[in-house]
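A.B. asks: Just dropping this structure here.
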Amino acid sequence: QSSLINSDIIFVKLHAPWEVLGKYAELMNVRMPFRRKIYYLHRRFKFMNRIEKQISRFQGWLPKKPMKLDKETLPDLEENDCYTAPFSQQRIHHFIIHNKDTFFNNATRSRIVHHILQRVKYEEGKNKIGLNRLLSNGSYEAAFPLHEGGYRSKNSIKTHGAENHRHLLYECWASWGVWYKYQPLDLVRRYFGEKIGLYFAWLGWYTGMLFPAAFIGLFVFLYGVTTLNHCQVSKEVCQATDIIMCPICDKYCPFMRLSDSCIYAKVTHLFDNGATVFFAVFMAVWATVFLEFWKRRRAVIAYDWDLIDWEEEEEEIRPQFEAKYSKKERMNPISGKPEPYQAFADKCSRLIVSASGIFFMICVVIAAVFGIVIYRVVTVSTFAAFKWALIRNNSQVATTGTAVCINFCIIMLLNVLYEKVALFLTNLEQPRTESEWENSFTLKMFLFQFVNLNSSTFYIAFFLGRFTGHPGAYLRLINRWRLEE
């Protein structure tokens, strides 16, 4: 390790030698390549070989596939053509080691160093353990893995090649000029690890599957545009100049003609027409097809990356759990080794507190939506009596616009708050393993995001205009303001 002093900040750089990497790779059951895969090709007849040659010769005249990356710029990823097994120093001669400096890739080295730092003891005492505790008490400001080299180069990657893996990823993946090309998932996996590689695999698959949905949605919109002049509902609304509608508020809102809603009726038809039913059925089928095809794609990636039994082998006790419950240990009936033990009463009490926190935050969202409803009800009459004629004549538009802006600010603010609350509640539960921690955090974030982003939509779909009453007997909020129609 070495230190670099820059004014008041001291940087400490850590490096793990080969002996440390090998020792902890064996303890962590890190899978490494040990034998190459052999692909058996089927025997083909001479006639089929001639046809394939003619087809390949014809394809040579055609432009290359634009969405595929050039194989010349990408390195030959040898680990994808090998079977893997948990690393063992006693059987090190079975593994394919060309160079000890590059045998463990960047992601694996960072993972091993992070594993060590999470479990190292810095003071006497069972709770004085782990890098996270040093970060929380202010001993260190931050801890992060370093990139190896810069992502820019003066020389072109086509003429001089990539200077490092980061430069190669930037040119072939993170650059706007290659947005239409397939992702180099094997290279992403080698640099960032399997979890991030799987995430971007899912993101790319999801983006590709959105193309048919976007095409059908565009077709529905164009159908609405072409049938706009033939819509019977909008025709009747636009021609109803003699039908008088009740005012939307009590004192300052004037009576309206039904034909004043002509533009609104036409705009509604663009998105809500006869083809919308077909689009809804298509999206229901699309969601199922997307999920099932992603399962196939994920299975292929898991086989290529040798991740079939990865979750079972990677289960490790979190260092925070070990530090918290190290005083209470019991024998593991499977391994026969002592391990930290969390009492059932302690676990239930923590789950109850966490569930109460989730319920409280969901109630905060519902209260925020209810506050927006009250704001809309109150400001309609306020804008209708406004001094400026522009706002007074467009009181409904002004109310809706300001309510949307306030709702957007509340959603973004609660998103920031939710992530911190979910993180706090998940750490309060003290999950035993990393997978349990991730599942618990994901569930909380899903509940928070679902309620936060869709509460307004549910209000519009199921409550707006359902409880307004009728002229002469309107339902009022706190016996004063009329509910929205």
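For all residues, glycine too, the Cβ spot is worked out from N, Cα and C.
TrEMBL annotations: computationally assigned, not manually curated.
As the structure is a computational prediction, the values presented were derived from the model and not from experiment.
Annotations for this protein, taken from TrEMBL, read as follows:
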DOMAIN    6-185  domain 'Anoctamin dimerisation'
DOMAIN    188-484  domain 'Anoctamin transmembrane'
TRANSMEM  199-225  transmembrane segment
TRANSMEM  275-294  transmembrane segment
TRANSMEM  351-377  transmembrane segment
TRANSMEM  397-418  transmembrane segment
A.B. asks: Are there residues at least six beyond either end of the transmembrane segment (351-377) with Cβ under 8 Å to its Cβ atoms? List them, or say none.
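C.D. replies: That would be 399-400, 402-403, 406-407, 410, 414, 418, 421, 424-426, 428-429, 444, 447-448, 451-452, 455-456, 459, 477, 481-484.
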A.B. asks: Using a Cβ-Cβ cut-off of under 8 Å, list the residues of the same chain that are 6+ residues beyond the ends of the transmembrane segment (275-294) and lie near it.
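C.D. replies: Answer is 202, 205-206, 209, 212-213, 216-217, 219-220, 223-224.
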A.B. asks: Over the domain 'Anoctamin dimerisation' (6-185), what is the model's mean pLDDT?
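C.D. replies: Summarising the domain 'Anoctamin dimerisation' (6-185) by its mean pLDDT gives 78.
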